[in-house]
């Protein structure tokens with residue numbers, strides 16, 4: 001086995017620490033939280049997380065400025081793109097029913113540092129999302145009372161003129177966040193009950209909008225005299241799809257709640273599919289009604305639905321729409337305040353974040369410290385920052401999390417996992433591919449992560465000597481790199497880079513072929529078959545397309561967003577190297593005596609099986625008469641002779 005010079009040993013140990021994986025206990029259902037959520041609870045949480053203020057604001061904005069009545073097609077495209085990401089979350093939420101969502105999924109398949117950075121960004125996304133919704137909620141309610149609250153605050157309390165800060169402190173937005181945090185700290189059942197109430201009212205208002213809106217519909221508003229169905233053409237539809245994609249952000253609250261679900265293996269996939277279907281249906285039908293009620297050119301982007309009813313002479317209907325809008329924003333607020341503390345709790349439970357946030361109240365069975373502290377921080381953001389400044393930074397962390405979860409699905413499906421063991425489970429990371437035995441022995445058994453038998457005559461010489469899952473891991477890296485390169489050329493090739501036509505076309509072909517080759521090499525390897533829980537269909541195509549879409553949308557973000565993202569990542573690295581890497585439970589596990597969960601090479605009848613057993617002295621024979629070699633002994637790195 002190759003050895004490295006003594007000087008590089010510290011660097012190797014550091015890389016191993018950064019890429020160590022979370023070891024999952026055999027009993028996936030064991031938790032200090034309370035498992036009480038049903039499929040209906042999870043479904044309503046998903047609907048509440050997706051159908052918020054976007055239904056009342058985003059539909060009018062996209063229709064007027066980007067796509068016209070073809071906003072319907074934009075929402076269909078965006079719904080399909082979101083479905084690809086939702087599939088990946090559903091598989092992980094069902095197979096690994098632990099709180100933490102994208103952070104947890106990355107930790108078990110990619111590595112510790114990457115998981116921390118994903119969790120760190122998701123924390124900021126939830127804080128910004130909650131603060132932005134609270135300010136939108138406050139502004140909407142204030143507009144009903146003719147901005148009396150804003151005028152009173154500016155006149156009698158205070159106002160300031162500082163860049164990136166609001167002109168006045170939004171006490172109403174901060175207050176609603178504090179009150180909501182207190183309610184959520186009472187327990188998951190209280191949160192679910194409140195979400196049921198607001199979601200039911202919101203869906204009732206949506207039904208009213210659809211029924212009454214179709215009664216008032218005028219097909220002439222889609223005629224050529226008004227600009228036709230797609231006045232901005234295909235480019236407008238695609239631009240609208242990119243914006244509409246963010247309307248579906250919020251379904252990950254279902255995966256975040258999997259540790260509190262009664263039967264996550266069934267409930268998480270079903271709730272994800274139903275909630276995404278209901279949200280997409282609501283957005284498509286409301287867009288249809290809106291553009292049929294009034295000409296799309298005359299829509300008010302700030303309050304399109306209420307204004308449409310007002311202009312048709314039904315101002316009383318605008319009050320009902322306002323009630324629905326406030327209830328919808330309440331559900332989004334609850335979902336943000338619900339999922340954020342659980343991600344913080346998961347990171348603290350693993351030792352990567354301050355341990356005070358890992359404490360669970362014995363009575364309510366929720367992480368009260370995380371709820372209250374981050375609820376107050378969110379309230380402080382809503383108090384001071386302007387809504388526009390918050391929204392600009394809202395999407396990059398979510399898209400990054402989607403990308404890593406999709407990549408983790410491909411990695412996970414290339415690894416053999418024992419489903420019926422009570423021993424801790426250790427997944428292999430992208431960078432943790434260690435050669436255990438000679439390649440001649442590994443070729444004797446075709447298992448998960450190995451070359452499919454039908455492709456062995458053609459590709460065995462090229463990749464046959466690699467360890468199971470090793471080629472897939474490299475191809476996932478190649479898939480991400482080629483996707484980034486392709487999106488950079490598409491976004492900046494003609495304008496910023498000013499590439500010649502031949503150079504632009506050549507780069508497109510090269511990176512497209514690299515992407516297709518990566519997908520093909522992943523596909524020719526055996527996937528993991530699991531009939532017990534939901535699995536993403538058409539792997540690696542489904543997660544591969546999701547990765548490409550997410551990266552393309554990230555490339556469309558502004559430079560200022562990327563600068564803020566870089567600063568936040570730098571702060572996160574300071575926290576990780578200052579605290580997380582030293583208190584990681586996986587790091588402490590490595591220092592414990594290896595009496596359990598050690599790696600072994602077992603050679604029954606000449607075939608290779610990698611399993612987890614109790615440590616036995618070197619050279620011992622197990623009950624079935626097979627030679628067992630401990631991986632902690634250098635002798636395990638040699639090939640055992642066939643019996």
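In case you wondered, yes, glycine gets a Cβ from its N, Cα and C as well.
According to TrEMBL:
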| type | residues | note |
| --- | --- | --- |
| TRANSMEM | 37-58 | transmembrane segment |
| TRANSMEM | 70-90 | transmembrane segment |
| TRANSMEM | 102-123 | transmembrane segment |
| TRANSMEM | 171-190 | transmembrane segment |
| TRANSMEM | 197-217 | transmembrane segment |
| TRANSMEM | 229-255 | transmembrane segment |
| TRANSMEM | 267-294 | transmembrane segment |
| TRANSMEM | 391-412 | transmembrane segment |
| TRANSMEM | 471-493 | transmembrane segment |
| TRANSMEM | 499-524 | transmembrane segment |
| DOMAIN | 534-584 | domain 'Cationic amino acid transporter C-terminal' |
| TRANSMEM | 536-555 | transmembrane segment |
| TRANSMEM | 561-582 | transmembrane segment |
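DSSP assignment over the domain 'Cationic amino acid transporter C-terminal' (534-584) gives 40 helix, 0 strand, 11 coil. When the stretches 171-190, 197-217, 391-412, 471-493, 536-555 are ranked by Cβ pairs under 8 Å to the transmembrane segment (267-294), first place goes to 197-217. Spatially, the transmembrane segment (102-123) is adjacent to the transmembrane segment (391-412); three or more Cβ-Cβ distances between them are under 8 Å for residues at least 6 apart in sequence. Only pairs six or more apart in sequence are counted, and the transmembrane segment (391-412) with the transmembrane segment (70-90) gives three or more Cβ pairs under 8 Å, enough to call it a contact.
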